[in-house]
Amino acid sequence: MTIIRKKHPLIKIINHSFIDLPAPSNISSWWNFGSLLGLCLAIQILTGLFLAMHYTSDTATAFSSVAHICRDVNYGWLIRYMHANGASMFFICLFLHVGRGIYYGSYNMIETWNMGIILLFAVMATAFMGYVLPWGQMSFWGATVITNLLSAIPYVGTTLVEWIWGGFSVDKATLTRFFAFHFILPFIITALVLVHLLFLHETGSNNPTGLNSDADKIPFHPYYTIKDFLGVLILLMAFMILTLFFPDILGDPDNYTPANPLNTPPHIKPEWYFLFAYAILRSIPNKLGGVLALVLSILVLALMPLLHTSKQRALTFRPITQTMYWILVADLLILTWIGGQPVEYPFIIIGQTASIAYFTIIMILMPIAGMIENNILDLD
């Protein structure tokens, strides 16, 4: 068996990636989220495939086909709710994975980090298009509002929006193409994940100290396969509790009303995992400025390697930057809350303050804190 594992041209790739891979001996549970994201992706592709067997991407029948899946298909309700809540679990793991990367300075592995940002954009695009497919009120109006943001692009904006819509409004053509893209993107994401792993295995994993761990490595299997399996069990338990006991807690009641272009819901808002970006978008009165801020809220992550001023990699031994980091986490929670609130006083001013704080902490305060810590520790 060992000979096949190490000699077979295909199996040896798996062997070098998941079995004999040298891994730091001290990586904590924060390093579990990569494998959990892989599990989430697998769940989403499988449940999505079964949903696609019964779904029809036509404005006249899309809503009914989802109802049919829930009522008439064997365990259709379970597949549908696993897919809907699987997206939420996916984003919870994504945010924790990115948060871990920021805390421990993993962004210094630039290729891996940039690939991760591309993956984040791809997953967000996939989730957005998936939200449109049930063709409920929030699906329709969410698609209208978000795609309409592209009209803020000078000169080509309006043409671009109509090109994406396939007409003069969100309609049958839009739904059909969104279904096509929503189906193909997870497979593209899978390919990007392999590239992400390829880049990671070029440098090796980071660890909680942020120090070089070449002198202290252990094989990935059995140590981290067992550890990852524990993470998988915990995630699946949380996931099934959410899916079986509280399937609608993260959804919007408006999406149980069929899409109606003549009736606008009182509060148009995306799914919870986009609310922080939506709050940043709404906090700027100018349309183009809002769109730029929305894109920058994610793209600012690409600047992190350039903004790293500390002589240390991780925040483990850097209390000042640690404080900034946790303020940033609190700020993101505030933005998520604001994104779900109506556009009125005091929510507008809170959203604007939190948006300014978000960019200020990442681009100004954390680099300054890094320099201060260098001086305190005489690391210059």
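Even glycines carry a Cβ here, placed using N, Cα and C.
Database features, via Swiss-Prot:
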type	residues	note
TRANSMEM	33-53	transmembrane segment
TRANSMEM	77-98	transmembrane segment
BINDING	His83, His182	heme b b562 binding site
BINDING	His97, His196	heme b b566 binding site
TRANSMEM	113-133	transmembrane segment
TRANSMEM	178-198	transmembrane segment
BINDING	His201	ubiquinone binding site
TRANSMEM	226-246	transmembrane segment
TRANSMEM	288-308	transmembrane segment
TRANSMEM	320-340	transmembrane segment
TRANSMEM	347-367	transmembrane segment
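A map of Swiss-Prot features onto the structure.
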{"residue": "His83", "record": "heme b b562 binding site", "Cβ neighbours (10 Å)": "21"}
{"residue": "His97", "record": "heme b b566 binding site", "Cβ neighbours (10 Å)": "20"}
{"residue": "His182", "record": "heme b b562 binding site", "Cβ neighbours (10 Å)": "21"}
{"residue": "His196", "record": "heme b b566 binding site", "Cβ neighbours (10 Å)": "21"}
{"residue": "His201", "record": "ubiquinone binding site", "Cβ neighbours (10 Å)": "14"}
Contact call for the transmembrane segment (288-308) against the transmembrane segment (347-367), three or more Cβ pairs under 8 Å: yes
Residue from His97, His196, His201 whose C-alpha is spatially nearest that of His83 (heme b b562 binding site), among the binding-site residues: His97
When distances run from the Cα of His182 (heme b b562 binding site) to each of the binding-site residues His97, His196, His201, the nearest one: His196
Contact yes or no, the transmembrane segment (77-98) and the transmembrane segment (347-367), 3+ Cβ pairs under 8 Å, gap 6+: no
The transmembrane segment (33-53) vs the transmembrane segment (178-198): 3 or more CB pairs under 8 Å: yes
Residue pair the residue listed as 'ubiquinone binding site', His97 (heme b b566 binding site) - Cα distance, angstrom, rounded: 17
Conformational class of His196 (heme b b566 binding site) under the three-state DSSP mapping: helix
